[in-house]
Amino acid sequence: MDISYIFVICLMALCSGGSSLSQVEGKQKSGRGRGSMWWGIAKVGEPNNITPIMYMDPAIHSTLRRKQRRLVRDNPGVLGALVKGANLAISECQHQFRNRRWNCSTRNFSRGKNLFGKIVDRGCRETSFIYAITSAAVTHSIARACSEGTIESCTCDYSHQSRSPQANHQAGSVAGVRDWEWGGCSDNIGFGFKFSREFVDTGERGRNLREKMNLHNNEAGRAHVQAEMRQECKCHGMSGSCTVKTCWMRLANFRVIGDNLKARFDGATRVQVTNSLRATNALAPVSPNAAGSNSVGSNGLIIPQSGLVYGEEEERMLNDHMPDILLENSHPISKIHHPNMPSPNSLPQAGQRGGRNGRRQGRKHNRYHFQLNPHNPEHKPPGSKDLVYLEPSPSFCEKNLRQGILGTHGRQCNETSLGVDGCGLMCCGRGYRRDEVVVVERCACTFHWCCEVKCKLCRTKKVIYTCL
């Protein structure tokens, strides 16, 4: 009886074919909520008040996975940088979308993966931006914290100072006489990039299209931070002359990264799973020789073949000067040797590890080893800095708490604008109300020695427009 029942079930599954697979994908999309629990650390308190042992606090402990807790424990001081990065991502997201129907609100939502609401359950453009901006903020915050000395396991990036004298001469001047030197304290983008991968991408195994979407957008956020590294210099000489310049690499202001990601949001690429790959429930990895694919180097890092993840300069910086970081299974990965770091020759290589740990390491790096296909076959595949999404965004016009949509009723709009912040688009055609309000502001401020600033209180009338 049992055998016959099993046979009938199997026969029904075979007959249903692709429809069954579509139903499985639908359940995975609409099943348990998406999002990342670690986002909840943004609500645990001020970053400057975070102590290294606070990872054991129940409020923080519940928002982190086991691997994330281990990374926090093994890198003292990193928790404060993570909290700062999470808050940086929220504030930048709200700034970029302050004039949009969806304004990245976190006010009415709980902590953890629901910090941004249930919109993250949908694979839409807004979700892609959330993942990219949070990943970028962690990379930026960790890299800056290393140069500020607040994380015990990392320092400034001294890899540029280890370049050969010939390379410095070529970079310094055409005549071969160097007029500047590497010095100062460069922001440690290598450590920030690698730590962000290990921490942010925890739980994203790349086994289905949604996880691949998350991984791609996380990588895009990190790539934008890395691409905006800039060289800063300081002159040294008598009477203000610039006889010699000392230069270092500095992260750009995070507003620049936010602006770039917002531009990518507007031009995001919709991707899909093809019928030939639907049975695998994910896009198949691209062969190392395929255009736009990656290969895994001997040190376990992803090496792009055609700029899928990094450019040549970024690839050189990450693969040749990877700082020390405590990873899963406590295997540090390093290619640059400092007195307080283990020798690169003594480090186990990813391909040399045997048993379960070796297979796990291989799976971890293979999750970045794919190429997403555009929904429209006439469009080119997304690049390393492009954002990708799976489904169209909702209108965000009407309140729908079930989907995490607050609506635009009561939102202020710009009556003279024809853009997305204009009353026509913001109010979804429902109309708007004109009100005159009296605003009290500080004005006519003067400085009095010493040391006080005195201001007057001025009342001004302003006209505001509010969506019905």
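Just so it is clear, glycine is given a Cβ too, placed from its N, Cα and C backbone atoms.
In three-state terms derived from DSSP, Cys93 (disulfide bond) belongs to a helical segment. Per Swiss-Prot, disulfide bond is recorded for Cys93-Cys104 (among others).
Note on Cys146 (disulfide bond): other Cβ atoms within 10 Å of its Cβ, all shown chains, come to 28. Taken from Swiss-Prot, the feature disulfide bond applies to Cys146-Cys154 (among others).
Of all Cβ atoms in the protein chains displayed, 16 besides its own lie within 10 Å of the Cβ of Cys185 (disulfide bond). Here Swiss-Prot flags Cys156-Cys185 (among others) as disulfide bond, drawing on similarity to another entry.
Annotation note: Cys233 (disulfide bond) sits in a strand segment as assigned by DSSP. Among the features that Swiss-Prot reports, disulfide bond is placed at Cys233-Cys247 (among others).
For Cys235-Cys242 (among others), the entry in Swiss-Prot reads disulfide bond. Spatially close to Cys235 (disulfide bond) yet at least six residues away along the chain are Ser241, Cys242, Thr243, Val244, Lys245, judged by Cβ distances under 8 angstroms.
There are 17 other Cβ atoms within 10 Å of the Cβ belonging to Cys428 (disulfide bond). DSSP assigns Cys428 (disulfide bond) to coil in the three-state reduction, placing it in neither a helix nor a strand. Taken from Swiss-Prot, the feature disulfide bond covers Cys397-Cys428 (among others).
Taken from Swiss-Prot, the feature disulfide bond covers Cys413-Cys423 (among others). Under the DSSP three-state reduction, Cys423 (disulfide bond) is assigned to helix.
DSSP assigns Cys467 (disulfide bond) to a strand in the three-state reduction. Cβ contacts within 10 Å of Cys467 (disulfide bond), excluding its own Cβ and spanning all protein chains shown: 20. Sequence annotations record features per position, and here Swiss-Prot assigns disulfide bond to Cys427-Cys467 (among others) based on similarity to another entry.
Swiss-Prot lists Cys443-Cys458 (among others) with the feature disulfide bond, giving similarity to another entry as the kind of evidence. DSSP gives Cys458 (disulfide bond) a strand state.
Under DSSP, Cys445 (disulfide bond) is assigned to a strand (E or B) in the three-state scheme. Applying an 8 A CB threshold to same-chain residues 6+ apart, the list for Cys445 (disulfide bond) reads Val453, Lys454, Cys455, Lys456. Swiss-Prot lists Cys445-Cys455 (among others) with the feature disulfide bond, giving similarity to another entry as the kind of evidence.
Residues or ranges marked as disulfide bond in Swiss-Prot (evidence: similarity to another entry): Cys450-Cys451 (among others). For Cys450 (disulfide bond), the Cβ neighbour count at a 10 Å cut-off comes to 5, with all displayed protein chains included.
All protein chains shown were included, and the count of other CB atoms within 10 Å of the CB of Asn103 (N-linked glycosylation site) stands at 17. Summarising the annotation, Swiss-Prot assigns N-linked glycosylation site to Asn103 (among others) and lists experimental evidence as the type of evidence.
The N-linked glycosylation site annotation in Swiss-Prot covers Asn108 (among others), and the record cites sequence analysis as its basis.
Per Swiss-Prot, the feature N-linked glycosylation site maps to Asn414 (among others); the stated evidence is experimental evidence. Counted within 10 Å of its Cβ, the other Cβ atoms near Asn414 (N-linked glycosylation site) come to 16, all protein chains included.
According to Swiss-Prot, the O-palmitoleoyl serine annotation covers Ser239. The DSSP secondary structure for Ser239 (O-palmitoleoyl serine) is helix.
Counting only same-chain residues 6+ beyond the ends of the region 'Binds porcupine' (83-106), those with a CB under 8 A from a CB of the stretch are 38-39, 41-42, 44-45, 47, 50, 115-117, 119, 126, 129-130, 133-134, 136-142, 145, 254-255, 257-259, 261-262, 265, 393, 395-397, 405-406, 408, 411, 414, 419-421, 425-426, 428. Taken from Swiss-Prot, the feature region 'Binds porcupine' applies to 83-106.
Asn103 (N-linked glycosylation site) sits 15 Å from Cys423 (disulfide bond), taking the CA atoms of both as reference points. The DSSP secondary structure for Cys413 (disulfide bond) is strand. Closest by Cα distance to Cys450 (disulfide bond), from the disulfide-bonded residues Cys154, Cys427, Cys467, is Cys154.
Closest by Cα distance to Asn414 (N-linked glycosylation site), from the disulfide-bonded residues Cys146, Cys154, Cys397, Cys427, is Cys427. Taking Cα separation as the measure, Cys146 (disulfide bond) is nearest to Cys247 of the recorded positions Cys93, Ser239, Cys247, Cys397, Cys428. Taking the Cβ of Cys93 (disulfide bond) as centre and 10 Å as the limit, one finds 25 other Cβ atoms among all the protein chains shown.
Listed disulfide-bonded residues near Cys428 (disulfide bond): Cys467 (candidates Cys154, Cys156, Cys458, Cys467; Cα-Cα distance within 10 Å).
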